[in-house]
Structures are given as C-alpha cells and as structure tokens.
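A.B. asks: Pulled the feature table from TrEMBL, pasting it below:
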BINDING   S113, L114, L115, P116  (6S)-5,6,7,8-tetrahydrofolate binding site
DOMAIN    6-184  domain 'Formyl transferase N-terminal'
DOMAIN    207-304  domain 'Formyl transferase C-terminal'
Amino acid sequence: MTSSLRIIFAGTPDFAARHLQALIASEHQVVAVYTQPDRPAGRGQQLQPSAVKQLAQQHNIAVYQPKSLKKAPAQAELAALHADLMVVVAYGLILPQVVLDSPRLGCINVHGSLLPRWRGAAPIQRAIWAGDHETGITIMQMDAGLDTGAMLSKVSCAIEDNDTSASLYEKLAVLGPQALLAALQQLPALQQQAQLQDDSLASYAEKLHKDEALLDFNKSAFALQREIRAFNPWPVSYISLTQGNIKIWQANVSSSGTDKAPGTVLAADKHGVAIACAEGQLLITLLQPPGKKAMSAADFLNGRADWLKPGTVIGAAK
C-alpha cells in the first residue's frame, strides 16, 4: 500500500477534472496542476480557463499553463516541485523524456480504452463506431510514444447497444478515477509487474472531423446507427437536403429489405423516417433542422412533411 504521494496533475477537459477531483479528495497531495492555456470560447470568443484550471483554483492549487514543455525553463520549473508522481489525463501537450523522468515515480496516464486498442485522441467514439462490445480504462506508465507505455492496470466496461459517446464518456469518467486511485494504492508493485503493449494489436483512434459526419446510405443500417451513436454529442451525424443539413441524433435499425436505392425515404410518420441503406433500413427518430433544437420525427414532420416525403432520395452534402 502506497503512502501519501506528492502529485503533479496534468489535464485539461472535464474528463480530466473528474480525475483531479478524485485526487483532491484522496490522501494524496496535489502540489500543482498543469493545463492548457486559456482558449477563446463562446460567441464573444472570451478567453476561458479549462475545467481543470477552474477546479484547481477552487482548491487553491498552483496552476501552470506553459505552451510547451520542451524548453529548459519550463522543465526546471516542473522539476522544482519535487513531485513523487505526475498523473496525466487528456492534457494535450507532448511530454519530453526529461519531463517523463522528472518525478520520482515517473508519469502515469489514464486512457479511455483497453490498450493497445484505440491509442490516440478519440478512443470512446472510435470504439462505438467500430462496433466494439467492450472498452475500458488503462493506466499506463508513460513513455515518449503516443499511448505506447507499459500497462499498469486495466478495467473493462461493456458498450451497450444504445450507448452514445456521451453515455460511454460518463461511464468512463466514473471508472477512470476509481481505477486511478486503486492503481495508486499499489503503484510500486504495479510498476514492477508492468505489461508491455503488443504493438501488433494496436489500433489508432484519430480525432473526429466534421466531414466524417455526413451519413452515407451506401453503408449498412447497422453501420450508420453506430456512426450516429459515436458522433453524439459531437460533431453529430447529418444528412443533406435542399433545405439544409439535418442533424441526426438517434435512429433504430430494421433488417427489412427493400428494392429501393440506398438513400431513398421509404416512410415518414410519427414512428420515424425510414431510409433505405445498402443493407436494411435506418429509422430516424430524433433529428434537428437548421436553427432549431432536436425534435422527434413527429414534430419534425409537422410542417416539414415535404422535406422527407417517401420517394425522396437523399444525396451528398451541399
């Protein structure tokens, strides 16, 4: 069992802040927080502090926001904290080897997948999109590579058929802090028994891009439903009509066949909008017209029935 550790925490978004909160409430001492510089956000593009910075300030923890850790002054500043350990969660900056070696016990990372599957920036979304039935949290000893470090512990989590990236995020945001605190309790032993990753099994979870969100009905209905779940809450899947792009938030799958071309609207009623796919049908149940909030198919069709009337063929983005 590990005694109280002097910890530097490095992270930026809400997912990271959940882990910082757990550390603050633990027996360990968070001596400093590293987070990304404030960024412009919102309509006014005012500078906004990260979720991690806001939490640290609430608890009077020193905050450091270097643009890079590659220069000697920033590295010396970190070394002067004399930390036992650095915990990194979705920080967003590359840590040079000199930083990785600075704390007595090195740097550990909390990653939202079962490594080596889904190394990279978007493991939650890519796991859903790929149709994985399981994901989880990996605690690893960081090295200079991208999520390539030796694994200290893994905790699995089922991906349910109705999970979206939003719901799976919430599951992992609970599981991650639990896994982190458990790992800290037996850290020296875990470091001695660390398991190297098998690079031949690695896959990469590249950051999502808006241009990936256009639904292509030349895919199967099952594949499209996974896309919709993976892209909820961002960037949100969409279809393109003459009236504009319609965001698709939720859909079900029917295995019923059809002789209509992929992209053809087969039916549109209070139950949803059924669209022919390469295999099966996609029944869209929650959608969002331009300038409006998300709404049920029934509400969408009330006054917009001609937008998605049966026989309409949905084409490419405008």
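Backbone N, Cα and C define each Cβ position, glycine as well.
Just so you know, TrEMBL annotations are computer predictions that nobody has curated.
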A.B. asks: Can you name every residue in this chain, apart from S113, L114, L115, P116, with its Cβ inside 8 Å of the center of the Cβ atoms of the recorded (6S)-5,6,7,8-tetrahydrofolate site?
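C.D. replies: Close Cβ neighbours, site residues excluded: H111, R117, W118, R119, P123, G136, T138, D147, M151, K154, Q197.
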A.B. asks: Which residues does P116 ((6S)-5,6,7,8-tetrahydrofolate binding site) neighbour through Cβ under 8 Å, counting only same-chain ones at least six apart?
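C.D. replies: Those within reach of P116 ((6S)-5,6,7,8-tetrahydrofolate binding site), by Cβ under 8 Å and sequence separation of 6 or more, are D147, T148, Q197, D198, D199, L201, A202, S203.
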A.B. asks: Count, for each of the binding-site residues L114, L115, the other C-beta atoms lying within 10 angstroms of its own C-beta, and report the residue with the smallest count.
C.D. replies: L114
A.B. asks: Mind giving me a neighbour count for S113 ((6S)-5,6,7,8-tetrahydrofolate binding site)? Other Cβ atoms within 10 Å of its Cβ, every protein chain shown.
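C.D. replies: For S113 ((6S)-5,6,7,8-tetrahydrofolate binding site), the 10 Å Cβ neighbour count is 26.
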A.B. asks: Please report the DSSP secondary structure of L114 ((6S)-5,6,7,8-tetrahydrofolate binding site), reduced to three states.
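C.D. replies: In the DSSP reduction, L114 ((6S)-5,6,7,8-tetrahydrofolate binding site) maps to coil.
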A.B. asks: Across the whole of the domain 'Formyl transferase N-terminal' (6-184), what does the mean pLDDT come to? Round it, please.
C.D. replies: 97
